[in-house]
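Before any comments, here is the structure.
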Amino acid sequence: MATFVELSTKAKMPIVGLGTWKSPLGKVKEAVKVAIDAGYRHIDCAYVYQNEHEVGEAIQEKIQEKAVKREDLFIVSKLWPTFFERPLVRKAFEKTLKDLKLSYLDVYLIHWPQGFKSGDDLFPKDDKGNAIGGKATFLDAWEAMEELVDEGLVKALGVSNFSHFQIEKLLNKPGLKYKPVTNQVECHPYLTQEKLIQYCHSKGITVTAYSPLGSPDRPWAKPEDPSLLEDPKIKEIAAKHKKTAAQVLIRFHIQRNVIVIPKSVTPARIVENIQVFDFKLSDEEMATILSFNRNWRACNVLQSSHLEDYPFNAEY
């Protein structure tokens with residue numbers, strides 16, 4: 001049922017996955033179980049979401065029920081930027097692996113390129129509320145992550161929220177052992193990322209779209225922010241296909257060969273979000289949706305925009 005995108009490692013990454021950012025404890029376990037039953041095989045996780053232990057319980061239960069085998073699942077997690085120092089990479093990774101109750105990850109990503117001050121505080125800020133940078137860079141972290149691949153603990157590495165300049169920096173790193181297989185970025189019709197997708201694809205790097213529905217439940221949403229799910233043109237296209245706005249927004253990525261990870265903890269929506277393989281948007285509809293771009297970001301983490309590796313000062 002699920003279709004895949006082939007990575008540069010020849011591994012197959014399911015093109016639709018379940019996002020777990022902002023999925024609350026007490027709900028995320030059930031969400032993952034519902035997703036696996038609905039045919040999802042790709043689950044997107046992260047250390048900073050602080051819910052990996054519940055995701056892990058759900059995966060374990062489904063494996064024990066023989067509903068799915070580990071090798072059929074594609075599990076992604078991310079290294080948070082307070083852990084860029086080599087020994088800390090290992091520590092953070094081991095906690096993720098233990099919480100997820102797995103013996104390996106399919107892909108391990110660098111969550112953001114800008115390093116934060118090391119320590120227990122995941123969001124180290126100064127008295128003005130600005131993020132405090134760290135000494136280690138994403139290049140330091142990458143070397144430690146490559147060791148995890150050598151040890152069979154991770155199948156492949158990737159990045160998230162990287163601009164093409166940062167990917168370039170990584171690809172040009174002397175002694176680079178493993179290239180990133182994906183760049184996970186915010187992407188939806190108001191932020192179509194055409195140049196970045198073109199660049200990544202030209203380098204053999206897939207793109208994974210987070211917040212494909214425009215992250216309507218983000219805690220910092222303002223009433224005047226645009227709403228994709230309520231966009232009349234999206235709703236019009238959806239009605240034509242007898243689909244929902246969310247299904248159109250997800251299908252839009254699939255047709256660009258972009259992996260997409262909608263988040264939901266509502267069982268009916270989790271099921272709905274993967275029922276996207278039985279219709280096709282026309283070239284005209286795709287062009288219309290692409291024309292909505294306004295470079296609007298739901299997630300711009302402005303409190304770290306002064307740091308050297310902040311990604312969004314670049315055009316793409």
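The backbone N, Cα and C atoms fix where each Cβ goes, and this holds for glycine too.
Since the structure is predicted, the reported quantities are computational estimates derived from the model, not experimental observations.
Feature annotation from Swiss-Prot assigns active site, proton donor to Tyr49; the stated evidence is experimental evidence. Other Cβ atoms within 10 Å of the Cβ of Tyr49 (active site, proton donor), summed over all protein chains shown, number 23.
What Swiss-Prot lists as NADP(+) binding site is 20-22, Asp44, 160-161, Gln184, 210-217, 261-273, and the listing cites experimental evidence. Annotation for Thr20 (NADP(+) binding site): spatial neighbours Val28, Ala31, Val32, Ile43, Asp44, Cys45, Ala46, Tyr49, Asn51, Val55, Lys263, criterion Cβ-Cβ under 8 Å with sequence separation of six or more.
DSSP gives His111 (substrate binding site) a coil state; it is part of no helix or strand. Just so you know, the Cβ of His111 (substrate binding site) picks up 20 other Cβ atoms within 10 Å once every protein chain is counted. Annotation comment: Swiss-Prot describes His111 as substrate binding site.
The N6-acetyllysine annotation in Swiss-Prot covers Lys125 (among others). The Cβ of Lys125 (N6-acetyllysine) lies under 8 Å from the Cβ of Ala131, Ile132, Gln303, each of which sits 6+ residues away along the same chain.
Among the features that Swiss-Prot reports, N6-acetyllysine is placed at Lys263 (among others), with the record citing a large-scale study or a structure entry.
The annotation site 'Lowers pKa of active site Tyr' is assigned in Swiss-Prot to Lys78. Secondary structure at Lys78 (site 'Lowers pKa of active site Tyr'), taken from DSSP and collapsed to helix, strand or coil, is strand.
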Cα distance (Å, whole number) from His111 (substrate binding site) to Lys78 (site 'Lowers pKa of active site Tyr'): 5
CB within-chain contacts under 8 A for Ser215 (NADP(+) binding site), separation at least 6: Glu186, Ala221, Ala298, Cys299
Cβ neighbours of Ser160 (NADP(+) binding site) where a neighbour is any other Cβ within 10 Å: 23
